[in-house]
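**Student:** Structure provided below as structure tokens; questions to follow.
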Amino acid sequence: MAMMRVVTGARFGFGRLRRWWLSLVLPLLAIGLALLLGAVVMLISGFSPLDAYSGLFQGAFGTLPQFAETLNEATPLLLIGLGIAVAFRAGAFNIGGVGQEYLGALAAVIVGGKFTGLPGWLHLVLATAAGFVAGGLWAAPAALLKIRLGINEVITSILLNYIAIYFIDYMISGPIHAPGFTAAPTSFPVQQNATFPILVQGSDLNAGFFLALLALVVIFVLLRYTTWGYRMRLVGLNREAARHAGVHVDRVYLLSFFISGALAGLAGAIEILGYRYQLITGFAPNTGYDAIAVALLGGLSPGGVGLAALFFGALANGASAMEAIAQLPSQLADIVRTLAILAVLAVSSPVILDLVRRRQSGGQETDGSGPSARATGAGAGGQPPTSGLEPETFVAE
């Protein structure tokens with residue numbers, strides 16, 4: 001006869017230990033494994049890992065302009081990674097960051113380049129907001145198809161990526177093509193009064209970086225201290241419990257997807273209004289996919305995503321210096337960077353598998369520390385517990 005034992009704690013126990021593992025140990029393990037794999041490849045190829053990583057560090061942090069460029073490389077990764085983390089918190093897989101970033105960039109170019117007679121600050125605000133909204137709207141179909149027809153959002157969001165890429169190619173080859181002859185398809189430029197000021201001369205770091213930092217703070221507060229954030233977590237942990245608690249699950253799911261896409265759209269807008277100033281074909285082909293690794297490396301927490309974005313920004317910005325100082329071929333530098341992504345995905349596989357198992361089981365946690373107790377104590381409107389403590393229930397046979 002099975003004997004059930006229910007133990008209730010307040011943020012302590014296995015759940016607390018698991019969060020500590022995901023937020024601290026797992027990212028450090030992933031970074032260490034990435035550097036180790038890269039060193040092995042370089043040694044096999046006859047190059048010095050010490051020289052290579054010294055060059056990487058110097059290229060990423062050696063001078064103020066280099067550090068600023070690292071922050072600039074990290075900015076879109078931070079925004080798209082935050083969006084992915086928001087969607088994951090609600091139990092959704094948003095793999096459409098590329099398309100959402102592209103549509104945000106397109107909207108920023110159109111508003112920033114075609115609107116005239118506006119004050120500088122208003123023009124910049126409108127162009128940035130257009131990118132934010134366009135990214136969110138481009139993410140919405142994947143959520144709606146999942147809600148209404150049960151179509152897997154991974155498939156639809158990836159397909160929307162390709163639609164966005166080809167749509168951008170069409171737009172910059174025709175309707176928004178730059179006047180005159182250009183060597184490659186290019187859009188018309190945005191107007192000067194619709195651009196972010198450069199923060200550090202000798203780099204592309206611009207004031208859009210502060211928007212990314214603001215987004216990090218807002219998402220942290222949203223997920224941790226608001227009713228909407230609590231509902232997102234509840235839906236991601238157990239949809240049925242969320243429904244019983246009075247949460248409108250479909251609305252929360254759609255909102256999480258919109259926020260996720262909007263942050264990616266904001267990343268595209270900042271890239272255009274901050275330093276690119278016009279659209280070109282394939283202007284950011286890998287950012288949306290690299291951001292998935294950023295989100296996983298960060299343990300799906302806003303602070304962790306910020307640190308992971310800085311790490312990947314350093315990899316991207318320091319790669320050229322690593323090639324020059326250690327005499328690495330560019331292909332080998334790309335291999336090292338790709339190995340870093342694979343290491344992150346390998347070490348982060350428990351996060352992915354946990355999310356998959358949770359979805360397959362209807363949203364229930366697989367370690368027994370499900371949110372049932374939290375759901376029943378949430379109140380009819382899915383409100384957070386008034387005590388500020390989240391009791392965790394463990395069931396053992």
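Cβ coordinates are placed from backbone N, Cα and C, and glycine is handled just like the others.
Remember, TrEMBL labels are computer predictions, not curated facts.
Marked as compositional bias 'Low complexity' by TrEMBL: 368-388. The region 'Disordered' feature in TrEMBL is assigned to 360-397. Positions annotated as transmembrane segment by TrEMBL: 20-44, 74-95, 102-118, 124-145, 154-172, 205-223, 252-272, 292-315.
Locate each feature and note its surroundings.
**Tutor:** The list of residues near the transmembrane segment (20-44) in space but at least 6 beyond its ends in sequence, with Cβ under 8 angstroms from a Cβ of it, reads 52-53, 297-301, 303-304, 307-308, 311, 326, 328, 332, 335-336, 339-344, 346-348, 350-351.
Outside the transmembrane segment (102-118) by six or more residues, the chain places 124, 126-128, 130-135, 137-138, 164-165, 167-168, 171, 176, 187-191, 193-195, 264-269, 271-273, 278-279, 283-284 with a CB less than 8 A from a CB of the stretch.
Remote same-chain partners of the transmembrane segment (154-172), defined as residues 6 or more beyond its termini with a Cβ less than 8 Å from a stretch Cβ, comprise 93-96, 98-100, 102-103, 105-106, 138-139, 141-142, 145-146, 185-187, 279-282, 288.
Outside the transmembrane segment (205-223) by six or more residues, the chain places 68-69, 71-72, 75, 78-79, 82, 85-86, 89, 128, 195-199, 229, 232-233, 263, 266-267, 269-270, 273-275, 302-303, 305-306 with a CB less than 8 A from a CB of the stretch.
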**Student:** Test of understanding: applying the rule of at least three C-beta pairs under 8 Å (pairs 6 or more apart in sequence), is the transmembrane segment (74-95) touching the transmembrane segment (292-315)?
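**Tutor:** Contact between the transmembrane segment (292-315) and the transmembrane segment (74-95): present.
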**Student:** Hey, which bits of the same chain come close to the transmembrane segment (124-145), Cβ under 8 Å, at least six residues off its ends?
**Tutor:** 92, 94, 96, 99-101, 103-108, 110-112, 115, 118, 151, 153, 156-157, 160, 164, 190, 193-196, 208, 211, 253-254, 256-270, 272-273
